[in-house]
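According to TrEMBL, the signal peptide annotation covers 1-25. As annotated by TrEMBL, domain 'Glycoside hydrolase family 9' applies to 30-490. For H416, D468, E477, the entry in TrEMBL reads active site. The domain 'Carbohydrate binding' annotation in TrEMBL covers 529-607.
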Amino acid sequence: MANGAATLFGFLALASMVKLGFVAGGGHDYAMALRKSILYFEAQRSGVLPPNQRVSWRASSGLFDGKANGVDLVGGYYDAGDNVKFGLPMAFTVTMMSWSILEYGKQMAAAGELRNAMDAVKWGTDYFIKAHPEPDVLYGEVGDGDTDHSCWQRPEDMTTSRQAFRVDPQHPGSDLAAETAAAMAAASIVFRGTYPGYANLLLVHSKQLFEFADKYRGKYDASITVARNYYGSFSGYGDELLWAAAWLFEATEDRSYLEYLAGNGDALGGTGWSINQFGWDVKYPGVQVLAAKFLIQGRAGDHAAALQRYRQNAEFFVCSCVGKGAVNVARTPGGMMYHQRWNNLQFVTSASFLLTVYADFASISGRGAVRCPAGAAQPFDILKFVKSQVNYILGDNPRGTSYMVGYGASYPRQVHHRGASIVSIKRDPSFVSCQEGYSSWYGRQAGNPNLLDGAVVGGPDEYDDFADERDNYEQTEAATYNNAPLLGVLARLAASCGGLKEEEYEQETATPVMNRTSSSSSSLPATAIAIEQNVTRTWARRRRTYYRYAVTVTNRSRRKTVRELHLGVSGLQGRLWGLEEARYGYVPPRWLPALRPGRSLRFTYVQPAPAPANVWVTGYKLV
């Protein structure tokens, strides 16, 4: 398990003809990488495989999914190297595949891959239609990770539980339902020109799911508890509700969805979260990029002020990723963006997509550079950075290893994947039991008998080290949401032959920004919160001087309460008291769930250096 629009997008596809010119060059075959990336999704298919199935070592599987629940749940995608169908990452995968097509469909068509990409989207949306049999019912998982992890079987041989789990008014799942709504709204735009009836059907489901998600609020992993250890909703459901509203506005031009996006930015965190990580769990940067697009396109109307706050957060993301922010994404010695050891490349591909879209849009809109604390980030420079990340994945790294299976001369051979690691059922139809799979196939030192072509694995650690071993699931397991954002980026690069040509840009001077440690408003759009640090004591020990810092975090709002406050702390060399660690930084202690207007939170840390640690606001909701 990996732990871990038509108008806009149509004219954005012309970006390669405006300002950002491309010339022949580059050492990678991006068109080949694109073909392989799309092909990978066929290896992840569940259900009855079609006659034009190209991954020939796979066969039909999961043919009775949903039967015990009285519903047809045959189809969809396995998320990674397992045989479970997890709804949240699957929906995010489909949303990102659709967005890739909407942005760069013309480039995909030029590479001969648009039809295959649309087929990949439809394989997911066909399943979502089945999984949504009633307006307020959505099936969000088939199978469970616990029984699946005790078994190493081809999907065609599955003997593990295929129980289906759902959300409904009594067992809500706003994040799951809203992400599925976003996927179906985005996909409806993909099919609008070719299958208008199907597109309209997707919109009906999307609207119903959004209404269900908003009316019956709750985290899906509190209702589908078996998902908690594999795809827990750490960011909550606020980001997905905003994400769905943005996509429904893009798909329908119904301004009620724009009003929802603008009016709920504070309460659901869209204007409060400034974060440099985007993926299946946290959607805030994606929402912020879409909102920025609406603003720059002149579609904001009376909501310009609210969308401007979203845009500030989008540009925080851009600046942080390219290394010009007040707080930047760490990089390995080889230059790869690094967030975590477990499947780090999911964040590299998703960030690369958002950066590409934002750079292209900044260029075609005539806005030019993004103003960052450490200087202007020109669209050309942003795209150049994206290209460096893609090239790293394709083999330009200290190990000379391609982290896309089947691309290049050196790539992972022992991918952590049940189907790929056991001989194809078409070659040897003999049944493989759970334990036989472990004893005969999981521990083999040889490469997998089946090529998981195009799969992007988890990737190397913070030192660019990588161990190609099947049991090294943190690094050798691939996931659908690794590949989905990459489709658009590869199509963009393929259309340019990989070469970037820098055009003349009007140089803009970035406004200097004070160190964020004095006040969150100095470098983030989190103006409702102030941060102050003071040295309260110093002492010497063993020839070193130690400083105790007291940090005060204050809610400056006159009427609204700060909830779900997350703080980032970096450069800390000593101990910290008064905060608890969480997935996205630090949070207040449990006895302090909110900061009422004018109230403060205080914590302390000890630093064996005169320079204070960096303390900033990662996210909050203002209600």
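Placed from the backbone N, Cα and C atoms, the Cβ positions cover glycine too.
Nobody curates TrEMBL annotations by hand; they come from automatic prediction.
Recorded residues E477 (active site) and H416 (active site) have their alpha carbons 5 Å apart, per Cα-Cα distance. The active-site residues under consideration are D468, E477. Their Cβ neighbour counts within 10 Å are lowest for D468. Counting only residues at least six positions away in the same chain, the Cβ atoms of G81, R470, D471, N472, Y473, T476, E477 sit under 8 Å from the Cβ of H416 (active site). With DSSP states grouped into helix (H, G, I), strand (E, B) and coil, the domain 'Carbohydrate binding' (529-607) comes out at 0 helix, 52 strand, 27 coil. Over the domain 'Carbohydrate binding' (529-607) the predicted model carries a mean pLDDT of 90.
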